[in-house]
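Found this in TrEMBL, in case it helps:
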- 249-345: domain 'D-serine dehydratase-like' (DOMAIN)
Amino acid sequence: MLTPYILIDEAKVRSNIEKMQKVADNKELQLRPHIKTHKMPYLAKLQQEYGASGITVAKLSEAQVMLANGIKNIFLAYPIVTKEKAELIKDINEQADTFIVGVDSLIGAKTLNAGMTGADKKLKVRIEIDSGLNRTGVTKDKAVSLAKEIVQLENLELEGIFTFKGAVYKGESTLDLEKSGEEEGSLMVGLKRELAENGIDIASVSVGSSPTAKTAANVQGVTEIRPGTYIFNDAMQVKFGLCDIDDCAARVFATVVGKYDDHLVIDGGSKTFATDVQPGHAPLNLKGFGIVVGHSNLTFARMNEEHGVLEFNGDCDLEIGDVVEIIPNHICSTVNLHNDVYLKTLDGEIKKEKVAARGHLY
Ligand SMILES: Cc1ncc(COP(=O)(O)O)c(C=O)c1O
C-alpha cells in the first residue's frame, strides 16, 4: 500500500460501536451517531446494525450521500437558512423515513417552512440550544419564544431540542466530563419542562459528544445521545481518558523520507493530517499533532503541506524507508482529507473503502 494512507481496524471499530451502544441501551436511550467522523455509508450501516436509531449529519450533502446509500433516518444538526437549500431539504424529507433538521432562528424556520410548501408531509425540526460552546444555538432563555413562533408554522413540526458543547463546563473547556455532561443534560431536560409549562410538548432531548455522551446519558429525561468520534477514537479521546491507544481504530501510516540530527521527515503533512486541534492548548495540552505509536520519544512537532516533522532528542532507531503509525489529534477532519481508506476486515483481509461523503461540504 502506498503511503500516506489511513488504515481502519474493523475489530476495534466494532468494539467501539458496541461499547457506546451499551451506554445508550443501559439507559434506554436512542443512539444517533454523528457520521461526520467517518463519512462512510458502510460504517453508518454498521452502527445501525448494532442498534443506532439513525444518524446525525452536519451537512445537507452528507444527508444526500447517506440517503442515496439507503440510510433513511437522518438528523441534520445544522441551521439551514437559504431558499435553495430548503428546496433540497423538501426532496430529502420526501425520500427519508425520518428526517429532522436543526433550527436556531426564526429566519431559518420561516425559510424551511416556505421551502416545504406543497409537501406531502411536515418537516420535523429541533431547536438548537447553546449550552456553553457559544457557537450556533439559542440560549435557554430565548428558546421558549422561538418555540412558540415555530409551532405556528404550518409546514413544520417541532420534534425536539438538541445541543452540542463537548467538554465544556460553565462556559470553559474542562477535563471534568462528569460535571460537563451533567450540566448539559440538566439544562436540556429543564428546558423541556419549561416548554411543557408553556403548552409545547416535544419528543426528543438530544445531547452528547464522545466526551459527554456517557455522563449526559445519566440525566433522567435525556432521550438521545449523538457522539461521533467514539467509532475511531483519536489522540484527544486518549488524553481525556475515554479510551486506550489500543482502542484507536483509525491510524495514518507514513514513510520516513528523511533523517536529520534531531528530526525525521515523513511523507504526510497538513494535506494528510488535520491541523485544527493544535498541540499545547488547555485543557488537553496535547503533545504534538498525534501519537507516534511505539515511539514515545518522537514528537510530531510541525507540518508543511506534504512534510511532517517528527522531532527527537538523542537516538532514534527509525531509518529512511521505515513506516510509522500515527494516531492523529483529530480523526474526523483527518478522514475528510482522504478519498479512500483501507479497512482491515475481521478475517484480516485489507479492503479499500471510499470515503463517500468526503469533501461534501454544502
Ligand atoms: C452537533 C454535533 N453533534 C454531535 C457531535 C459529535 O461529537 P464528537 O465528535 O465529540 O463525538 C458533534 C461534533 O462536532 C456536533 O457538532
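Every residue number used here counts from 1 along the chain in the order it is shown.
Yeah, the Cβs are placed from backbone N, Cα and C, and that goes for glycine too.
Caution: TrEMBL annotation is automatic and unverified by curators.
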DSSP says what for the domain 'D-serine dehydratase-like' (249-345): how many helix, strand, coil residues?
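So the counts come to 5 helix, 37 strand, 55 coil.
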Give the mean pLDDT for the domain 'D-serine dehydratase-like' (249-345) on the 0 to 100 scale.
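Per the prediction, mean pLDDT sits at 97 for the domain 'D-serine dehydratase-like' (249-345).
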